[in-house]
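Database features, via TrEMBL:
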- 1-18: signal peptide (SIGNAL)
- HIS177, ASP201, HIS203, ASP205, ASP304, ASP306: Mn(2+) binding site (BINDING)
Amino acid sequence: MRLTSLLLGCSSALLAAACGNHDDGKEWTKAELDELEAKWGFEVRSLVGHRFTGIGSFAHLKHVKCLTNPTELYDIAIIGAPFDTAVSYRPGARFGPRSIRHASSRQTSFRGFNPRANINPYSNWATILDCGDIPVTPMDNVIALEQMSAAFKELGQRKPVSSSLSKPKLITLGGDHSLALPALRALKEAYGAPLRVLHFDAHLDTWHPEKYPSYWTSTQFNHGSMFWMAGNEGLLSNTTSAPSVHAGLRTRLSGNDFSDHDDDTAQNWVRIAADDIDEVGTAGVVRTIMDTLGTEDPVYLSIDIDVLDPAFAPGTGTPEPGGWTTRELIRILRGIEGLNLVGADVVEVSPAYQGNGEETALAAAQVVYEVLSSMVKKGLEGMGKEGKAAAIEVEAKDEL
(Lines of atoms letter the chains of each structure in order from A and count residues from 1; the text may use other names and numbers.)
(Lines give C-alpha, C1' and ligand atoms only; values in the text may rest on other atoms or scores of the structure.)
Protein backbone atom coordinates (compact mmCIF):
# COMPACT_ATOMS: atom_id res chain seq x y z
CA MET A 1 0.00 0.00 0.00
CA ARG A 2 2.80 2.35 0.94
CA LEU A 3 4.65 1.49 -2.29
CA THR A 4 1.53 2.21 -4.35
CA SER A 5 1.09 5.61 -2.70
CA LEU A 6 4.73 6.43 -3.31
CA LEU A 7 4.48 5.50 -6.99
CA LEU A 8 1.33 7.56 -7.40
CA GLY A 9 3.01 10.52 -5.78
CA CYS A 10 6.02 10.21 -8.06
CA SER A 11 3.76 9.88 -11.10
CA SER A 12 1.90 13.05 -10.16
CA ALA A 13 5.14 14.94 -9.70
CA LEU A 14 6.51 13.70 -13.02
CA LEU A 15 3.27 14.60 -14.79
CA ALA A 16 3.28 18.10 -13.36
CA ALA A 17 6.88 18.56 -14.44
CA ALA A 18 6.18 17.21 -17.92
CA CYS A 19 3.17 19.49 -18.37
CA GLY A 20 5.17 22.53 -17.38
CA ASN A 21 3.00 23.33 -14.36
CA HIS A 22 0.70 25.55 -16.44
CA ASP A 23 -1.87 25.64 -13.66
CA ASP A 24 0.30 27.60 -11.24
CA GLY A 25 -1.22 31.05 -11.83
CA LYS A 26 1.59 32.22 -14.11
CA GLU A 27 1.34 35.76 -15.44
CA TRP A 28 1.92 35.64 -19.19
CA THR A 29 3.87 38.47 -20.76
CA LYS A 30 2.90 40.02 -24.09
CA ALA A 31 6.06 38.63 -25.66
CA GLU A 32 5.16 35.11 -24.53
CA LEU A 33 1.62 35.46 -25.84
CA ASP A 34 2.95 36.79 -29.15
CA GLU A 35 5.22 33.76 -29.34
CA LEU A 36 2.26 31.43 -28.82
CA GLU A 37 0.32 33.27 -31.50
CA ALA A 38 3.22 32.99 -33.93
CA LYS A 39 3.53 29.29 -33.20
CA TRP A 40 -0.12 28.20 -33.16
CA GLY A 41 -2.23 31.07 -34.49
CA PHE A 42 -1.78 30.34 -38.18
CA GLU A 43 -5.12 28.53 -38.26
CA VAL A 44 -7.01 31.82 -38.06
CA ARG A 45 -4.67 33.88 -40.22
CA SER A 46 -5.88 33.54 -43.79
CA LEU A 47 -2.49 34.53 -45.17
CA VAL A 48 -0.92 31.24 -44.15
CA GLY A 49 -3.75 29.19 -42.62
CA HIS A 50 -5.14 26.14 -44.35
CA ARG A 51 -8.64 26.60 -45.73
CA PHE A 52 -9.83 23.30 -44.32
CA THR A 53 -9.12 24.36 -40.72
CA GLY A 54 -10.88 26.58 -38.23
CA ILE A 55 -14.45 27.06 -37.07
CA GLY A 56 -16.92 27.08 -39.97
CA SER A 57 -17.87 30.71 -40.51
CA PHE A 58 -18.67 31.93 -44.00
CA ALA A 59 -15.41 32.40 -45.92
CA HIS A 60 -13.48 32.32 -42.61
CA LEU A 61 -14.95 35.70 -41.69
CA LYS A 62 -14.90 36.88 -38.10
CA HIS A 63 -17.81 35.25 -36.29
CA VAL A 64 -19.81 37.19 -33.72
CA LYS A 65 -23.19 36.41 -32.17
CA CYS A 66 -24.48 39.79 -33.25
CA LEU A 67 -27.93 39.37 -31.72
CA THR A 68 -26.41 39.07 -28.24
CA ASN A 69 -23.69 41.66 -28.89
CA PRO A 70 -25.62 44.88 -29.58
CA THR A 71 -22.47 47.02 -29.75
CA GLU A 72 -20.93 44.94 -32.56
CA LEU A 73 -21.02 47.02 -35.75
CA TYR A 74 -20.64 45.99 -39.38
CA ASP A 75 -21.31 47.18 -42.91
CA ILE A 76 -22.41 43.81 -44.26
CA ALA A 77 -23.56 40.90 -42.12
CA ILE A 78 -23.96 37.26 -43.10
CA ILE A 79 -26.82 35.77 -41.08
CA GLY A 80 -28.26 32.26 -41.15
CA ALA A 81 -31.96 31.46 -40.88
CA PRO A 82 -32.17 27.67 -40.32
CA PHE A 83 -35.92 27.42 -40.86
CA ASP A 84 -37.83 25.11 -43.22
CA THR A 85 -41.24 24.34 -41.75
CA ALA A 86 -43.03 26.58 -44.26
CA VAL A 87 -42.16 24.32 -47.21
CA SER A 88 -44.72 22.63 -49.43
CA TYR A 89 -42.66 19.64 -50.58
CA ARG A 90 -39.24 18.36 -49.42
CA PRO A 91 -37.91 19.67 -46.08
CA GLY A 92 -34.23 20.02 -45.19
CA ALA A 93 -33.37 23.67 -45.86
CA ARG A 94 -32.85 24.20 -42.13
CA PHE A 95 -29.42 22.67 -42.76
CA GLY A 96 -28.73 25.11 -45.59
CA PRO A 97 -26.82 27.79 -43.64
CA ARG A 98 -24.37 25.25 -42.22
CA SER A 99 -23.92 23.63 -45.63
CA ILE A 100 -23.28 26.94 -47.42
CA ARG A 101 -20.75 27.99 -44.80
CA HIS A 102 -18.91 24.70 -45.18
CA ALA A 103 -18.90 25.07 -48.96
CA SER A 104 -17.39 28.56 -48.64
CA SER A 105 -14.26 27.23 -46.94
CA ARG A 106 -12.05 27.86 -49.98
CA GLN A 107 -12.94 31.56 -49.90
CA THR A 108 -10.51 33.69 -47.88
CA SER A 109 -9.43 37.32 -47.77
CA PHE A 110 -6.00 36.23 -48.99
CA ARG A 111 -7.40 34.64 -52.14
CA GLY A 112 -10.59 36.65 -52.53
CA PHE A 113 -9.83 39.02 -55.41
CA ASN A 114 -12.66 39.05 -57.96
CA PRO A 115 -11.11 39.69 -61.40
CA ARG A 116 -14.37 40.63 -63.13
CA ALA A 117 -15.20 43.22 -60.46
CA ASN A 118 -11.59 44.30 -59.90
CA ILE A 119 -12.15 44.08 -56.16
CA ASN A 120 -11.57 41.84 -53.15
CA PRO A 121 -14.79 42.11 -51.13
CA TYR A 122 -13.15 40.64 -48.04
CA SER A 123 -10.35 43.20 -47.77
CA ASN A 124 -11.78 46.52 -48.87
CA TRP A 125 -13.76 49.30 -47.21
CA ALA A 126 -16.56 47.10 -45.83
CA THR A 127 -16.52 45.47 -42.41
CA ILE A 128 -18.10 42.07 -43.08
CA LEU A 129 -19.05 39.71 -40.25
CA ASP A 130 -20.65 36.31 -39.97
CA CYS A 131 -23.33 37.00 -37.37
CA GLY A 132 -24.26 33.37 -36.83
CA ASP A 133 -27.81 32.06 -37.00
CA ILE A 134 -31.17 33.41 -35.91
CA PRO A 135 -32.61 31.10 -33.22
CA VAL A 136 -35.83 29.93 -34.89
CA THR A 137 -38.32 27.43 -33.52
CA PRO A 138 -39.26 24.52 -35.81
CA MET A 139 -42.45 23.94 -33.83
CA ASP A 140 -44.66 26.94 -34.61
CA ASN A 141 -44.49 29.00 -37.80
CA VAL A 142 -46.30 31.97 -36.26
CA ILE A 143 -43.66 32.21 -33.53
CA ALA A 144 -40.86 31.59 -36.04
CA LEU A 145 -42.09 34.47 -38.20
CA GLU A 146 -42.05 36.76 -35.16
CA GLN A 147 -38.53 35.61 -34.23
CA MET A 148 -37.15 36.24 -37.70
CA SER A 149 -38.90 39.60 -38.01
CA ALA A 150 -37.47 40.77 -34.67
CA ALA A 151 -33.97 39.53 -35.55
CA PHE A 152 -33.89 41.22 -38.96
CA LYS A 153 -35.10 44.49 -37.43
CA GLU A 154 -32.43 44.34 -34.72
CA LEU A 155 -29.61 43.57 -37.14
CA GLY A 156 -30.74 45.98 -39.84
CA GLN A 157 -31.04 49.09 -37.70
CA ARG A 158 -27.52 49.28 -36.31
CA LYS A 159 -25.17 52.04 -37.27
CA PRO A 160 -22.79 50.84 -40.01
CA VAL A 161 -19.04 51.17 -39.60
CA SER A 162 -18.62 53.12 -42.84
CA SER A 163 -20.00 56.64 -42.97
CA SER A 164 -20.86 56.10 -46.65
CA LEU A 165 -23.77 53.82 -45.68
CA SER A 166 -27.01 54.87 -44.04
CA LYS A 167 -27.85 51.32 -42.98
CA PRO A 168 -25.90 48.04 -42.87
CA LYS A 169 -26.70 45.35 -45.42
CA LEU A 170 -27.74 41.80 -44.55
CA ILE A 171 -27.20 38.67 -46.64
CA THR A 172 -29.30 35.81 -45.30
CA LEU A 173 -28.46 32.14 -45.77
CA GLY A 174 -31.64 30.04 -45.86
CA GLY A 175 -33.57 28.25 -44.82
CA ASP A 176 -36.73 28.17 -46.91
CA HIS A 177 -37.86 31.12 -48.99
CA SER A 178 -40.50 32.32 -46.54
CA LEU A 179 -37.75 34.21 -44.67
CA ALA A 180 -37.99 36.92 -47.34
CA LEU A 181 -41.21 38.19 -45.73
CA PRO A 182 -39.70 39.09 -42.32
CA ALA A 183 -36.62 40.46 -44.11
CA LEU A 184 -38.79 42.81 -46.18
CA ARG A 185 -40.73 43.87 -43.08
CA ALA A 186 -37.48 44.88 -41.41
CA LEU A 187 -36.19 46.69 -44.50
CA LYS A 188 -39.35 48.75 -44.87
CA GLU A 189 -39.07 49.80 -41.24
CA ALA A 190 -35.36 50.61 -41.63
CA TYR A 191 -35.74 52.64 -44.83
CA GLY A 192 -39.17 54.06 -44.12
CA ALA A 193 -40.52 53.04 -47.52
CA PRO A 194 -41.44 49.94 -49.51
CA LEU A 195 -38.80 48.34 -51.72
CA ARG A 196 -38.47 46.71 -55.10
CA VAL A 197 -37.45 43.06 -55.39
CA LEU A 198 -35.36 41.09 -57.86
CA HIS A 199 -36.44 37.49 -57.43
CA PHE A 200 -34.52 34.60 -59.02
CA ASP A 201 -36.63 31.44 -58.81
CA ALA A 202 -38.26 28.63 -60.76
CA HIS A 203 -41.55 29.58 -59.08
CA LEU A 204 -43.63 32.74 -58.83
CA ASP A 205 -43.93 32.77 -55.01
CA THR A 206 -46.87 35.16 -55.34
CA TRP A 207 -49.32 32.28 -54.98
CA HIS A 208 -52.66 33.21 -53.46
CA PRO A 209 -52.95 31.04 -50.30
CA GLU A 210 -56.52 30.03 -51.15
CA LYS A 211 -55.15 28.04 -54.09
CA TYR A 212 -53.31 25.69 -51.76
CA PRO A 213 -55.29 22.55 -50.82
CA SER A 214 -56.89 22.67 -47.36
CA TYR A 215 -55.20 25.92 -46.41
CA TRP A 216 -55.80 27.42 -42.99
CA THR A 217 -55.96 31.16 -42.41
CA SER A 218 -53.27 30.93 -39.74
CA THR A 219 -50.86 29.26 -42.15
CA GLN A 220 -51.01 31.59 -45.14
CA PHE A 221 -47.33 32.18 -44.48
CA ASN A 222 -45.34 29.67 -46.54
CA HIS A 223 -42.47 29.55 -48.99
CA GLY A 224 -44.74 30.12 -52.00
CA SER A 225 -46.97 32.92 -50.73
CA MET A 226 -44.57 35.32 -49.00
CA PHE A 227 -44.35 37.81 -51.89
CA TRP A 228 -48.16 37.80 -52.18
CA MET A 229 -48.29 38.62 -48.47
CA ALA A 230 -45.53 41.23 -48.82
CA GLY A 231 -47.50 42.96 -51.56
CA ASN A 232 -50.67 42.99 -49.47
CA GLU A 233 -48.76 44.40 -46.48
CA GLY A 234 -47.41 47.29 -48.55
CA LEU A 235 -43.80 46.13 -48.26
CA LEU A 236 -43.23 46.30 -52.02
CA SER A 237 -43.19 49.51 -54.02
CA ASN A 238 -44.75 47.65 -56.94
CA THR A 239 -46.53 50.16 -59.13
CA THR A 240 -46.82 50.28 -62.89
CA SER A 241 -43.88 52.70 -62.92
CA ALA A 242 -41.81 50.83 -60.31
CA PRO A 243 -42.40 47.08 -60.65
CA SER A 244 -40.39 44.19 -59.24
CA VAL A 245 -38.91 41.35 -61.30
CA HIS A 246 -39.08 37.55 -61.32
CA ALA A 247 -36.34 35.80 -63.33
CA GLY A 248 -35.81 32.14 -64.19
CA LEU A 249 -39.47 31.07 -64.03
CA ARG A 250 -40.49 27.68 -65.42
CA THR A 251 -43.02 26.13 -63.07
CA ARG A 252 -46.49 24.75 -63.71
CA LEU A 253 -49.49 26.92 -62.81
CA SER A 254 -52.69 26.28 -60.88
CA GLY A 255 -55.91 25.10 -62.49
CA ASN A 256 -56.57 25.35 -66.22
CA ASP A 257 -55.62 28.92 -67.05
CA PHE A 258 -53.24 31.82 -66.40
CA SER A 259 -54.93 33.05 -63.23
CA ASP A 260 -51.64 32.72 -61.32
CA HIS A 261 -50.08 35.12 -63.81
CA ASP A 262 -53.09 37.41 -63.45
CA ASP A 263 -52.60 37.52 -59.67
CA ASP A 264 -48.90 38.21 -60.22
CA THR A 265 -49.54 40.96 -62.76
CA ALA A 266 -52.04 42.57 -60.38
CA GLN A 267 -49.11 43.13 -58.01
CA ASN A 268 -47.04 44.64 -60.85
CA TRP A 269 -44.35 42.02 -61.30
CA VAL A 270 -42.34 41.65 -64.51
CA ARG A 271 -41.71 38.01 -65.44
CA ILE A 272 -38.62 36.60 -67.18
CA ALA A 273 -38.96 32.93 -68.09
CA ALA A 274 -36.01 30.57 -67.82
CA ASP A 275 -36.09 29.76 -71.52
CA ASP A 276 -36.07 33.44 -72.50
CA ILE A 277 -32.32 33.07 -72.17
CA ASP A 278 -32.34 30.93 -75.33
CA GLU A 279 -33.64 33.91 -77.31
CA VAL A 280 -31.87 36.88 -75.72
CA GLY A 281 -28.89 35.34 -73.91
CA THR A 282 -27.61 36.41 -70.50
CA ALA A 283 -27.05 39.94 -71.84
CA GLY A 284 -30.73 40.23 -72.74
CA VAL A 285 -31.80 39.05 -69.29
CA VAL A 286 -29.47 41.58 -67.68
CA ARG A 287 -30.79 44.35 -69.93
CA THR A 288 -34.41 43.63 -69.00
CA ILE A 289 -33.57 43.63 -65.28
CA MET A 290 -31.56 46.85 -65.39
CA ASP A 291 -34.06 48.66 -67.62
CA THR A 292 -36.83 47.69 -65.20
CA LEU A 293 -35.13 48.34 -61.85
CA GLY A 294 -32.55 51.03 -62.65
CA THR A 295 -29.62 51.93 -60.42
CA GLU A 296 -31.15 54.27 -57.84
CA ASP A 297 -34.13 52.62 -56.13
CA PRO A 298 -33.40 50.30 -53.17
CA VAL A 299 -33.64 46.67 -54.29
CA TYR A 300 -33.88 43.46 -52.27
CA LEU A 301 -32.26 40.52 -54.07
CA SER A 302 -33.83 37.13 -53.35
CA ILE A 303 -32.23 34.04 -54.88
CA ASP A 304 -33.86 30.62 -54.65
CA ILE A 305 -31.20 28.09 -55.60
CA ASP A 306 -33.83 26.19 -57.61
CA VAL A 307 -33.46 28.85 -60.30
CA LEU A 308 -30.62 26.55 -61.34
CA ASP A 309 -31.32 23.33 -63.21
CA PRO A 310 -31.34 20.24 -60.95
CA ALA A 311 -28.28 19.02 -62.84
CA PHE A 312 -26.36 21.86 -61.16
CA ALA A 313 -28.34 22.21 -57.92
CA PRO A 314 -30.16 18.98 -57.00
CA GLY A 315 -30.04 19.80 -53.29
CA THR A 316 -33.24 21.78 -53.02
CA GLY A 317 -36.80 21.22 -51.89
CA THR A 318 -38.78 21.88 -55.08
CA PRO A 319 -36.52 21.17 -58.08
CA GLU A 320 -37.77 21.99 -61.58
CA PRO A 321 -36.09 20.74 -64.80
CA GLY A 322 -35.09 23.24 -67.46
CA GLY A 323 -33.29 25.79 -65.30
CA TRP A 324 -30.21 27.91 -65.82
CA THR A 325 -26.65 26.70 -65.47
CA THR A 326 -24.50 27.96 -62.62
CA ARG A 327 -22.38 29.87 -65.13
CA GLU A 328 -25.43 31.61 -66.61
CA LEU A 329 -26.65 32.74 -63.19
CA ILE A 330 -23.20 34.03 -62.25
CA ARG A 331 -22.94 35.97 -65.52
CA ILE A 332 -26.32 37.56 -64.88
CA LEU A 333 -25.35 38.48 -61.31
CA ARG A 334 -22.18 40.09 -62.61
CA GLY A 335 -24.19 42.06 -65.13
CA ILE A 336 -26.51 43.61 -62.53
CA GLU A 337 -23.83 44.92 -60.17
CA GLY A 338 -25.13 48.45 -60.75
CA LEU A 339 -28.31 47.76 -58.76
CA ASN A 340 -28.71 49.52 -55.42
CA LEU A 341 -28.86 46.36 -53.32
CA VAL A 342 -29.91 46.93 -49.70
CA GLY A 343 -30.19 43.28 -48.74
CA ALA A 344 -30.18 39.77 -50.16
CA ASP A 345 -30.90 36.15 -49.45
CA VAL A 346 -29.80 32.80 -50.88
CA VAL A 347 -32.35 30.18 -49.93
CA GLU A 348 -33.74 26.66 -50.33
CA VAL A 349 -30.42 24.80 -50.15
CA SER A 350 -31.32 21.34 -48.80
CA PRO A 351 -28.03 19.45 -48.54
CA ALA A 352 -29.63 16.04 -47.97
CA TYR A 353 -30.58 15.91 -51.65
CA GLN A 354 -27.25 16.97 -53.14
CA GLY A 355 -24.41 14.67 -54.14
CA ASN A 356 -21.15 14.03 -52.35
CA GLY A 357 -19.54 16.90 -54.24
CA GLU A 358 -21.69 19.55 -52.50
CA GLU A 359 -22.56 21.08 -55.88
CA THR A 360 -25.65 22.90 -54.61
CA ALA A 361 -23.96 24.44 -51.57
CA LEU A 362 -20.89 25.34 -53.65
CA ALA A 363 -23.11 27.17 -56.13
CA ALA A 364 -24.84 29.00 -53.26
CA ALA A 365 -21.52 30.01 -51.69
CA GLN A 366 -20.32 31.37 -55.03
CA VAL A 367 -23.55 33.33 -55.43
CA VAL A 368 -23.01 34.94 -52.02
CA TYR A 369 -19.46 35.87 -53.06
CA GLU A 370 -20.75 37.51 -56.25
CA VAL A 371 -23.38 39.46 -54.30
CA LEU A 372 -20.78 40.59 -51.77
CA SER A 373 -18.51 41.75 -54.59
CA SER A 374 -21.33 43.81 -56.10
CA MET A 375 -22.29 45.37 -52.76
CA VAL A 376 -18.72 46.35 -51.96
CA LYS A 377 -18.05 47.70 -55.45
CA LYS A 378 -21.29 49.69 -55.47
CA GLY A 379 -20.35 51.14 -52.09
CA LEU A 380 -17.23 52.71 -53.57
CA GLU A 381 -19.39 54.97 -55.74
CA GLY A 382 -20.51 57.04 -52.77
CA MET A 383 -17.06 57.49 -51.26
CA GLY A 384 -15.51 60.03 -53.58
CA LYS A 385 -11.85 60.02 -54.55
CA GLU A 386 -10.51 60.17 -50.98
CA GLY A 387 -12.72 57.32 -49.82
CA LYS A 388 -11.77 55.15 -52.78
CA ALA A 389 -8.08 55.83 -52.19
CA ALA A 390 -8.44 54.81 -48.53
CA ALA A 391 -10.28 51.63 -49.53
CA ILE A 392 -7.57 50.73 -52.02
CA GLU A 393 -4.93 51.32 -49.33
CA VAL A 394 -6.77 48.99 -46.93
CA GLU A 395 -6.94 46.30 -49.60
CA ALA A 396 -3.25 46.67 -50.41
CA LYS A 397 -2.26 46.34 -46.74
CA ASP A 398 -4.41 43.25 -46.31
CA GLU A 399 -2.78 41.60 -49.31
CA LEU A 400 0.75 42.10 -47.96
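Each residue, glycine too, has its Cβ placed from N, Cα and C.
Note that TrEMBL annotation is computational and uncurated.
Sequence features, as recorded in TrEMBL, placed on the structure.
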residue	record	DSSP (3 states)
HIS177	Mn(2+) binding site	helix
ASP201	Mn(2+) binding site	coil
ASP304	Mn(2+) binding site	strand
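Neighbours of the Mn(2+) site: apart from HIS177, ASP201, HIS203, ASP205, ASP304, ASP306, residues of the same chain with C-beta atoms within 8 angstroms of the site's C-beta centroid are HIS199, PHE200, ALA202, HIS223, GLY224, VAL307, THR318, VAL347, GLU348. The Cβ of ASP201 (Mn(2+) binding site) lies under 8 Å from the Cβ of HIS177, HIS246, ALA247, GLY248, LEU249, SER302, ILE303, ASP304, ASP306, VAL307, each of these being in the same chain and 6 or more residues away along the sequence. Other C-beta atoms found within 10 angstroms of the C-beta of ASP306 (Mn(2+) binding site) number 29, with every protein chain shown included.
Annotation: HIS177 carries the greatest number of neighbouring Cβ atoms among the binding-site residues HIS177, HIS203 [cut-off 10 Å, Cβ to Cβ].
Around ASP205 (Mn(2+) binding site), the same-chain residues six or more apart in sequence whose CB sits under 8 Å from its CB are HIS177, HIS199, HIS223, GLY224, SER225, MET226, PHE227, TRP228, HIS246, ASP304, listed in sequence order. In the shown protein chains, 27 other C-beta atoms lie within 10 A of the C-beta of ASP304 (Mn(2+) binding site).
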